[in-house]
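Attaching a single structure in structure tokens format; questions to follow.
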Amino acid sequence: MCGLAGSFNLAAFDVCGALERLHHRGPDGSGVISYGPAVHGHVRLSLLDLTSASDQPFRYGDAVLTFNGEIWNFRKVRAELTALGRSFKTTGDTEVLAAALAEWGVNALPRLEGMFAFAWSRGDTHILARDRFGEIPLYVHRRGDGFAWSSERKGLGKDFPASPLPAGSWLDLSTGKLARWYGLPDQITDNRPLARMLDAGVQSRLVADAPLCVLISGGLDSSFVLSLAKAAKPDVVAYTAVLDPASPDLRAARRLCAELEVPLTEVTVAQPDPASLEAAARAIEIPSKAQVEIAALCIPLAQAIGSDGFKACLSGEAADELFGGYGNMCIKGSKADDAEWRAIRIAAVEKMARGNFVRCNKAFMAAGVECRLPFIETALVETVLAMSKADCPPNKKALKAAAEGYVPDWIVKRVKETFQGGAGMNDAAAAVLPDPARFYRSVITTAYGQSAL
């Protein structure tokens, strides 16, 4: 994970200043390159090929690339490109992405399995692009025929109000044309068991040249991820946030880690106050009460993870949206037909690009830690969202069935809690903020203006 900022036909935007404001996203290096009307800036968090050969902006032939995220199938794509006659000087995914774009242009995008946002220039072609589901944020400001972009709003500031580049889209900066490159299929195209698809997501997200860990809350989703990670990487370690020492979720996390023989680090989180909640809102740049209060737990957790030398973590995020685990989804789903139930879940996943993914990315990157989401494995997402209501009923019944044999029965049968609710953050935040929604909106509008709401 890294951070990028840049401009096209917009000299008023200070790319170097933007990179200073994004330093937390890339403490391992930074650089700026001008390419015709474009300026590409990048800050690096090195996770694959830790050498300077993969520093960015990355030059490949007559092109320049700045890239934030990960290409999970980079080895497969690299093999395809090697068969076409391309050679490689590095061992990471940045050069693979650069070579894929040189070989196929924007037609490379459907070949990529990953979470990413990037800017690319070659000749008179200048584009921005974002991954299928919007895991990686990218904000774009337009002024006349000029553009500025950044991984976070704070890179642009209040003077350059911006909108997110839509998930699964690419933008031609020369023409201003926005195009979709991805859409969900209507039919199931992969018949593997769900557990095997999730396992593929876990294994690809365990690939790194730097240390990583797994987040555990005590719920089904993170427990499933941890169980699969332990099988693939026996020396894996786990982290959990502790606000309330009497939390049932904490007891469950301790018990599971003991049964799996996974070392567990418990990170004590201080009771929230207005200052810490304001800092969380500024970090994730969205005014949602739920998202800010989750971030208030995640930021100190990420700081501890980073201080212990880890650069990435795996999370159980996104299972509730895919499998219909939230209470309101269960209520709506109980009365829905197949088409309505699919629409409910698709809407929940699409909303994540504006909420959960943004919070997850920025809260951990505030401490220079990348958060990886195995449940957003493309085959798994497409399969689950194409399943009928009978095969994927509300209340995560399909996930519970898939977890049998991988996760202890007592975890599968536990009553669901939200992360912030199970940790005790809901009550703690309510005690110090009488009107949290108004407070968070004020924080965001003061920093970035009304366009950020």
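Yeah, the Cβs are placed from backbone N, Cα and C, and that goes for glycine too.
OK, TrEMBL features for this one:
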ACT_SITE  CYS2  active site, for GATase activity
BINDING   ASP93  L-glutamine binding site
BINDING   LEU215, VAL242, SER315, GLY316  ATP binding site
DOMAIN    2-176  domain 'Glutamine amidotransferase type-2'
SITE      GLU317  site 'Important for beta-aspartyl-AMP intermediate formation'
Over the residue list LEU215, VAL242, SER315, GLY316, recorded for ATP, what is the maximum interresidue Cα distance in Å?
17
Using a 10 Å cut-off, grab the number of neighbouring Cβ atoms around the Cβ of GLU317 (site 'Important for beta-aspartyl-AMP intermediate formation'), all chains included.
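So the number of other Cβ atoms within 10 Å of GLU317 (site 'Important for beta-aspartyl-AMP intermediate formation') is 25.
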If you measure from the Cα of LEU215 (ATP binding site), which of the recorded positions CYS2, ASP93, GLU317 is the nearest?
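So, of the listed recorded positions, the one sitting closest to LEU215 (ATP binding site) is GLU317.
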Have a look at the recorded positions (CYS2, ASP93, LEU215, VAL242, SER315) and report the one with the fewest Cβ neighbours inside 10 Å.
VAL242
Compute the C-alpha separation of GLY316 (ATP binding site) from the residue listed as 'active site, for GATase activity', stating it in Å without decimals.
21
Does DSSP put LEU215 (ATP binding site) in a helix, in a strand, or in coil?
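Note: LEU215 (ATP binding site) is in a strand by DSSP.
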Any idea what the Cα distance is from ASP93 (L-glutamine binding site) over to the residue listed as 'active site, for GATase activity', rounded to a whole Å?
13
Could you tally the C-beta atoms, other than its own, that fall within 10 angstroms of the C-beta of GLY316 (ATP binding site)?
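The Cβ of GLY316 (ATP binding site) has 23 Cβ neighbours within 10 Å.
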What Cα-Cα separation, expressed in whole Å, is found between GLU317 (site 'Important for beta-aspartyl-AMP intermediate formation') and VAL242 (ATP binding site)?
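Cα of GLU317 (site 'Important for beta-aspartyl-AMP intermediate formation') to Cα of VAL242 (ATP binding site) measures 18 Å after rounding.
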How long is the line from the C-alpha of CYS2 (active site, for GATase activity) to the C-alpha of SER315 (ATP binding site), rounded to the nearest angstrom?
18
With H, G and I counted as helix, E and B as strand and the rest as coil, say where DSSP puts GLU317 (site 'Important for beta-aspartyl-AMP intermediate formation').
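Note: GLU317 (site 'Important for beta-aspartyl-AMP intermediate formation') is coil by DSSP, not helix or strand.
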